[in-house]
Structures are given as structure tokens and as C-alpha cells.
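S.K.: The following block contains the structure, expressed as C-alpha cells.
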Amino acid sequence: MPDPISPARAQRQGVLVALAGQQNAGKSTLFNVLTGARQHVANYPGVTVDKKHGQYSDDLGTVYTVDLPGTYSLTSFSLEERVAREFLLGDRPDVTVNVADASNLRRSLHLTLQLLELELPLVLALNMMDVAASQGIQVDKDLLARRLGLPVVTTIGRKGEGREGLRQAIRGVEDPQTDMGQPDPGTVVRYSALEPAIGQLMARIATEPALADLPRRWLALQLLQGDPAAVQLLVDRLGDDGTRALRETAGRFIEAFETEHRIEVSDHVVSCRDRTVERLLAGAVQGAGDGRPSLTDRVDRVVLNRWAAPFFLVATVFAIYQVSIVWGYELTNYTWPLLAKGREVIAGVLPSADFLVDPYTRSLGLWLVDSANTLLNYVPIFLILFAAIAVIEDSGYMARIAFILDKILHRFGLHGQSTLPLILGGVFAGGCAVPGVMATKGIPDTRARMATIFTVPFMNCLAKVPLYTLLLGIFFVEHKSLMMFYISTMTIVFALLVAKLLTKTVLSGQETSPFVMELPHYHLPTVTGVLRRSLERTWQYIKKVGTVVLAVAVVVFALLHLPGLSAERKAHFEAEAQAAVERFAAALEGNAYRDVALGENLVPLINYFTDYKRAKLNATGRAGSERVAERFQARNADFYPLVKPPSGDRDARKAWRELRKLARARQGLRRDMREEQIRTSLLGSIGRGLEPVTQFAGFDWKINIALLSSFAARESSVATLGVLFQQDDDQNASLEERMGAETRAGGATALLAVSMILFFALYPPCLATTIMVKVQTGSYKWMLFAIVFPTALGLGVASAVYSVGTALGATGIEAMSAVYWGAVALLLVVGLLSDRQASRRLRERLAET
Amino acid sequence: MLSLNDIRPGGRVRIRRHLSTGAIRQRLLDLGLMPNVIVTVVRSAPLNDPIELKLDASNVSLRRTEARTIEVSPLEAETAESDHA
């Protein structure tokens with residue numbers, strides 16, 4: 001597959017530009033300004049770091065641009081730094097644009113100096129000039145350019161200013177004719193006492209032809225700082241022996257230097273760079289750090305105030321929840337009819353239904369449309385949700401949320417930045433694990449990130465709610481509000497406990513990193529920035545999740561339909577259908593509408609009848625009903641009197657009554673057939689095969705099937721239960737009543753409901769989420785774990801509660817209360833213990849040093 | 001020896017040296033917590049941990065665990081001596 005970015009420099013068409021910069025320097029915004037709409041997101045090979053690339057054209061041709069991950073420096077300690085460095089060294093972009101925060105040049109230029117050491121053609125873009133100006137900071141960019149020997153441009157990414165200047169500067173650097181002149185000798189980093197070692201190591205490196213393409217001074221410096229990725233680079237080029245020799249040489253220099261100067265090489269390197277930065281900035285930057293409290297300081301005095309902070313946090317979380325979940329859900333009331341209309345259109349195109357069995361093209365087609373609609377239904381929610389998150393991220397408050405909550409979450413192996421994923425997942429009631437898992441991307445600590453990914457699915461996603469509502473309506477009419485309280489708060493209790501369990505066991509080997517985080521200045525988010533991010537993420541969701549869900553929908557469809565009914569049973573149902581039709585024909589003997597209704601017209605008429613009923617049901621208001629009437633009159637004027645008998649027409653009335661009877665009989669038959677088909681299907685066999693295991697939790701095969709099919713999409717659990725528990729059509733009972741009556745008759749109790757609720761709360765993430773888990777962890781192994789572990793946990797808990805509860809004769813509400821308060825108690829114990837442990841370990845570690 | 005963890009909000013200190021190693025040390029240095037740099041402790045989080053620091057032009061937060069690995073000297077008690085010029 002040709003990727004315009006990756007081919008080696010020589011064969012490349014056009015120019016390759018990389019954007020490098022520190023976090024919060026506005027790099028991505030500037031990337032958008034530079035590139036415009038043509039951009040794509042991919043992953044760097046083997047890791048989950050986003051690789052954003054795009055392109056634009058100017059007079060001289062196409063320019064490919066890559067937005068590197070934000071990094072404070074170019075060491076190899078973090079994944080982002082390794083990715084950025086490997087790209088710069090391996091792909092050797094024609095031009096690298098260093099995006100620097102003009103209001104914090106003292107720190108930004110550290111990265112600039114490291115980029116210079118990589119000997120890359122460089123442009124320095126001083127971004128956020130407006131922020132600098134508002135703080136009274138003035139930058140003499142020409143002086144800075146002369147000192148650095150680099151083109152320096154000023155930009156304001158948020159306002160889209162400086163694009164032309166930057167594009168011209170890129171062309172200027174890329175053209176080898178241009179000579180920027182040599183940098184001011186006083187501003188090249190000199191590492192004073194380390195220089196002799198650097199020089200000698202460079203001479204050694206020069207003798208190795210395999211290292212000829214690497215910047216020598218940079219490599220020497222990295223080896224002296226003991227950079228593990230640089231060592232790996234040597235191993236790749238020189239093999240183990242050659243590496244050992246070089247490392248030993250470097251090791252001797254390090255030891256000599258550290259004993260003589262009593263300072264670590266890396267500290268020395270950083271402070272030398274800092275002194276260089278100071279010289280660079282002297283006279284070039286005015287007015288920095290005048291000590292006046294900035295706007296950010298004043299806002300934080302209120303927002304992060306010890307007593308007010310929790311209030312602002314809760315208000316923010318509530319606002320996100322209200323705007324995206326509640327209002328978004330209301331919005332789906334307007335968008336759902338559109339999807340339903342789409343379904344009607346497709347249903348009209350597909351081959352029409354037969355009396356008993358639908359053609360596979362029809363049933364599979366509608367099945368796929370339904371699966372897609374289930375996902376698309378959430379699109380309005382996601383658009384708002386992602387926009388709300390973008391606002392919080394861009395404004396700078398997200399980092400404050402992490403700051404406030406880190407203590408609690410860290411105690412259980414999570415991270416301050418786990419808050420957002422958990423909120424999106426639906427901490428209280430209503431969310432979705434897919435954006436939740438997606439949002440874990442920002443968590444810098446790998447172990448906490450993994451723990452968050454595996455606990456987000458325990459939240460109450462929107463699709464779990466219908467099953468809870470159903471079960472509470474049947475078994476807990478008296479204790480509904482108490483049960484609702486348990487269900488909506490146990491999520492976080494379970495999540496914290498499981499996070500702790502996982503970080504102590506399977507995740508204990510994962511990399512952790514410290515919580516050292518910048519609290520960026522507050523910014524007013526821009527409309528385009530927020531919209532772009534919201535659309536981008538929603539589209540990602542549709543693309544990634546949609547395709548896979550459709551594929552699996554086909555598999556589930558097959559599992560539900562194969563092997564199909566035996567010829568004998570088919571004949572049985574056909575005979576019943578025949579009998580119903582004959583009864584209908586007999587009743588219409590002598591009726592004026594007999595010829596319209598019978599013969600070839602029969603099946604179309606029944607379909608017409610059911611379509612009409614559904615259309616009436618969906619129509620709102622008088623105007624809606626009138627439109628339906630018009631539509632059906634236009635569709636078939638002959639049939640119309642049979643679905644809406646004109647007053648006084650006794651024949652029509654009689655025919656309508658008989659038609660209704662026949663339609664019901666048909667519906668009942670179809671349902672029986674479907675139930676039998678599901679029972680004998682592969683999925684049904686699996687459901688029954690699981691009974692020996694699930695019986696301890698009280699689940700029979702029907703519940704098993706419902707839970708299995710809900711893996712494809714949570715919503716389908718209630719729908720499947722609906723099919724399985726629907727028996728007699730004449731009694732007009734709701735699913736709650738039917739299921740209640742039947743399961744109670746089968747000995748089911750509220751205890752079974754508790755067992756089901758607990759299982760459902762801990763049950764594996766739905767298919768869409770597991771795909772997201774794969775995307776975010778980058779491994780099928782972890783995806784599998786995300787399925788197997790919660791299933792085992794859920795089944796274990798449900799079985800224990802059901803078995804012990806049955807043995808003790810506990811009622812449902814008693815069992816639930818016991819589980820809930822037991823979990824809360826465990827949470828407190830674990831929380832207190834881990835605090836003690838942590839402080840003991842720290843004391844030991846400090847005593848060692 | 002004082003660590004950054006011992007400084008109350010409002011205190012201004014000079015960073016002397018880091019006891020941490022590897023990634024943590026590098027991260028602290030990258031964010032500007034270099035030896036000889038002056039920082040102000042702004043506040044601690046509502047639950048006491050982590051803490052927020054003010055540097056030259058940026059605000060940085062870190063857990064107390066990490067703060068304990070940073071040796072500092074209070075500005076008012078500082079003498080002319082310095083470990084490394």
C-alpha cells in the first residue's frame with residue numbers, strides 16, 4: 001500500500017514537513033491552520049500513538065505534513081518521545097517546524113536546541129504570540145533568528161494568523177540555495193567540562209561506517225547520558241560486540257566526569273542547555289515574568305480553592321452529563337424517525353415479506369439496517385459529548401480535573417485523568433463505553449491507562465438501562481428507588497475494586513509514569529477547533545465501530561438462523577398457516593371484498609395491513625395520521641377500505657375484523673417459528689450448553705441467549721428476551737408481565753433478578769467497545785482479556801450471590817444490599833490499606849538513597 | 001534536608017538536586033524543575049495531594065511522592081554557597 005509519507009527521502013514526491021513541539025504549545029492547532037481540511041489519522045507502527053498527517057499545495061507543488069506527538073524533550077523515556085525521535089531520525093523530513101510557545105520560550109527553546117543537535121533543517125514558529133502579548137512579553141524574532149541561524153516566524157494558530165509566512169519559511173529552508181548564515185557562536189550549546197568526552201566519542205563514532213548517517217554529536221551526547229534507545233540504535237547498526245566497545249568507552253567518560261564534577265551527566269547537559277537558552281533570550285525577550293498574577297492564577301484561586309473545587313467539578317460533570325447524555329438523548333427523539341424512515345425505505349426496496357417465511361435477503365438486510373441504526377442512533381449524543389470534551393480540554397480545565405481527583409483514583413491504581421473516561425462510560429446512569437475507552441488515550445501512565453480501559457465497561461452505559469428497568473419493574477416494584485441507587489453507584493465501587501485488583505496482578509508489569517503534569521493557561525476554545533475535533537472523533541467512531549459491528553451482525557444472524565427448522569416442523573407451521581388462511585376465506589364467503597382479499601392479493605394485503613398499523617403507530621398528531629391515510633390510499637385504493645372501513649360499510653367492517661384476526665394468527669405463528677428457530681439454532685445450542693455452568697447463577701438457556709446476543713449490542717438483550725418470553729398473542733400483556741409470570745411460574749425469584757443485574761453490571765463490554773479496547777491497547781491479547789475476565793468475574797459474583805442467597809433464603813433486596821455494602825466496606829479497607837503501604841514503601845525507598 | 005514536600009503553600013524555594021532517577025527525573029527536568037531554579041508552591045489539591053508549583057512561566061503539578069524526591073532550600077535561608085555554578 002503506497003503511503004506518501006514513508007518512502008525514503010530520495011524517492012519521495014514533494015516535500016515532507018514534520019511539526020515538532022512541546023505539549024500545550026498549540027502545535028495541533030497550527031497543524032490544522034497549515035494543512036487545512038485534508039488530513040488523516042493513523043497509528044505509528046506497533047504503537048497506539050496517533051499519527052496525524054495531511055498535505056497542502058503551494059506554487060511549487062505538494063507539501064506533506066506530519067504532526068508529531070507533543071514532547072517536552074527528545075529523550076527516549078516516554079513513548080511519544082521515542083515515536084517522535086524515530087520519525088525524525090528515520091524519515092529525515094525535509095523541513096522540521098519547531099512550534100514553540102512564545103509566552104514560555106525559556107522552556108520551549110530546550111527542545112529547539114535538541115532538534116538542532118539532530119542536525120535537521122529547522123524553522124522556528126513562535127506560536128501563541130497573542131498570549132505572549134497579553135502578558136506583556138515582547139519577542140525580537142529577528143535577533144533570535146540571527147542568534148540561532150534559523151528562520152523564525154510568528155504565528156497565532158488559534159486565529160489562523162501567520163500561515164503564509166510559515167509556508168514561505170518552509171520553502172526557504174527546503175531550497176538548498178538559501179543560506180541562513182551561521183548561528184552566533186555564543187548560542188551553540190557548549191557542554192563545558194563534558195566537551196572533551198564528546199569530542200573523543202565523536203571521533204570514535206566517525207570510524208564506524210555503519211553510523212555515518214547519524215548526527216555524530218547528538219549520538220555522542222545520548223551515549224554519555226545513557227539513553228537506552230540510542231544504545232538500541234547501536235545494537236541495530238553495529239551488533240552486540242561493536243556496541244559493547246562503544247558503550248564501555250562512553251561508560252569510562254561518564255564515570256570520570258561524574259567523579260570529578262560530582263554531578264550527573266544528564267543534569268549537567270540540562271543546565272548547560274538552560275544557560276544557552278538564557279543567553280539566547282537575553283535582550284531578545286522583554287517583559288517575561290513580571291510577577292503579576294495572571295488571569296489563570298486568579299481563576300485558579302477560585303476554581304481550585306480547597307472548598308470550592310469539588311463544587312465546580314461536580315457542576316462541570318453534571319453539565320457535560322446534562323448537555324450530552326440527557327439533551328443528546330432527547331435529540332435522538334428527532335433523529336430516530338429519520339433512521340426509522342431510512343429503514344422503511346430500505347424495507348420497501350427489499351423483496352417483500354412472505355406469509356410465513358421472509359426471504360433471507362429481506363431478513364438479513366433488515367437485521368443489518370437495525371444493527372447500524374442502533375449505532376447511528378447515538379451519533380447526536382456523541383457529537384455533543386465530543387464537543388463538550390473538546391471545550392474542556394482546550395480550555396485547560398481537564399488538567400485541573402485530574403489535579404483534583406488524582407488522590408482517590410491513584411489509590412486504586414487509576415489516574416487523575418481516568419475521570420473523564422469513567423464519566424463518558426456513564427458513572428451514574430447513561431453513557432457509552434466506546435467514547436470512554438477512546439478517551440483513555442490522554443492518560444500518560446500506561447498501567448493506569450490499561451486499568452481504566454478495563455474498568456470503563458463496568459459503567460452504566462445507556463444500553464444497560466433498559467434491562468435494569470425491565471427487571472426492576474418485575475421484581476422490585478416496592479424497592480425501585482433503593483435498587484436504582486444501588487445500581488447507579490455500585491459501578492464506581494466495582495470499578496475501583498477491579499482496578500486495584502488488576503494493577504496488583506495482571507497489570508503489575510506495565511510501565512508506570514509519575515504524575516508530573518503541566519497545568520496549562522486557560523484559553524477560550526475556538527468554535528472551529530471544537531467542531532473539528534467533535535466531527536473527527538465521531539467519524540472515527542462510525543468508521544471503526546460501524547464496519548466491525550456490521551460484520552459481526554452477520555455472524556450473529558447466521559448463528560441465530562442455522563441450521564434452521566426441520567422439514568417436518570416447517571410442514572407443521574405451513575399447515576397451521578394454511579388453516580388460518582382457510583378460516584379467513586370461509587369467513588369472507590359472500591363478502592363484497594372477497595375478491596380483493598383473496599388469492600394473489602392475500603400476502604400483499606396482510607403486509608399492507610401491518611405496514612399501515614405500524615405507520616399509524618409512528619404517526620404523531622392529526623396531521624401525521626392524515627398523511628398516513630393519504631399515503632396508503634395512494635399505495636392501494638382497493639385495500640384501503642379493509643384497513644380503515646368506511647362507516648356504514650358492513651362488509652368492509654367484517655372483512656377488516658377477519659383480516660385483523662388473520663394478521664394476529666400470522667404474527668403468532670411467525671413468533672413461534674422464530675422462537676423454535678432460536679432454540680434449535682447454533683446460538684440456542686450454545687445457550688443450552690452453557691446451562692450447567694450458568695445454573696449456579698440461576699440462568700436458564702433463554703437468559704443465556706439474551707446475554708450472549710447482547711454482546712453484539714447491549715440493546716438487543718431486552719429485544720431477545722422479548723422474543724423468547726412472548727407466548728400468547730391474544731393476551732395483550734407487556735413484556736414485564738409476561739416475563740414476570742413465566743419466570744415466576746418457573747420458580748424464578750427476585751434473587752435471580754439480582755443475579756442477572758450483577759452479571760450485567762460486570763459483564764464484558766459490548767462488541768463495539770471490545771474493538772475500541774483493541775484499538776487502544778493495540779493487542780488482541782488484551783482484547784480477549786477484556787472479554788474473558790469480566791465474564792468470569794460476573795459469572796462468579798452472580799453464582800455466589802444466587803447460590804448463597806438461595807441457601808440462606810434471602811430475598812432479592814436483602815441479597816443486593818449485602819453485596820452493595822460488602823463492596824463498599826471492601827473498598828474502604830483496600831483504600832486505607834493501600835495508603836499505608838504506599839507511605840511505607842516510600843520511606844524505604846528514600847532510606848535507600 | 002528539606003524536600004519540596006515539606007514546603008507549605010506560598011513558600012518559595014530553590015531546587016538543589018533530584019533524588020529520583022530515569023524517567024521521573026527526566027520529566028521533572030523537562031518541565032523546568034532544574035537545579036538552581038526557583039519555584040513557588042501554589043497550593044495542594046483539595047485532598048492534599050498532589051501539589052501545584054509555579055515556575056517561571058508555567059504551572060506544574062506533581063504528586064507528593066515525587067515532591068519528596070526533590071531537595072530544596074528555602075529562599076530566605078539561602079546563603080551565597082551553591083552546589084554547582
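Cβ from N, Cα, C; glycine included.
Got these off TrEMBL a minute ago, pasting:
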DOMAIN    A:14-176  domain 'FeoB-type G'
TRANSMEM  A:307-329  transmembrane segment
TRANSMEM  A:375-399  transmembrane segment
TRANSMEM  A:420-439  transmembrane segment
TRANSMEM  A:451-477  transmembrane segment
TRANSMEM  A:484-503  transmembrane segment
TRANSMEM  A:541-562  transmembrane segment
TRANSMEM  A:745-763  transmembrane segment
TRANSMEM  A:784-803  transmembrane segment
TRANSMEM  A:815-833  transmembrane segment
S.K.: Within the domain 'FeoB-type G' (A:14-176), what mean pLDDT does the predicted structure show?
M.R.: 87
S.K.: For the transmembrane segment (A:784-803), give me same-chain residues lying six or more residues beyond its boundaries with a C-beta closer than 8 angstroms to one of its C-beta atoms, as numbers and ranges.
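M.R.: That would be 453-454, 457-458, 498, 506, 693-694, 696-699, 751-752, 754-756, 758-765, 769-770, 773, 815, 819.
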S.K.: Please tell me whether the transmembrane segment (A:484-503) and the transmembrane segment (A:451-477) touch - that is, whether there are at least 3 C-beta pairs under 8 Å between them, with each pair 6 or more apart in sequence.
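M.R.: Contact criterion met.
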S.K.: Output the single range from A:451-477, A:541-562, A:815-833 maximising the number of Cβ pairs under 8 Å to the transmembrane segment (A:420-439).
M.R.: A:451-477
S.K.: Take the transmembrane segment (A:541-562) and find every residue of the same chain, 6 or more past its ends, with a Cβ under 8 Å from one of its Cβ atoms.
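M.R.: Counting only partners 6 or more residues beyond its ends, the transmembrane segment (A:541-562) has Cβ contacts under 8 Å with 360, 363-364, 367-368, 371-372, 375-376, 379, 382, 434-435, 438, 677-678, 681-683, 686, 709, 712-713, 767-768, 771-772, 775.
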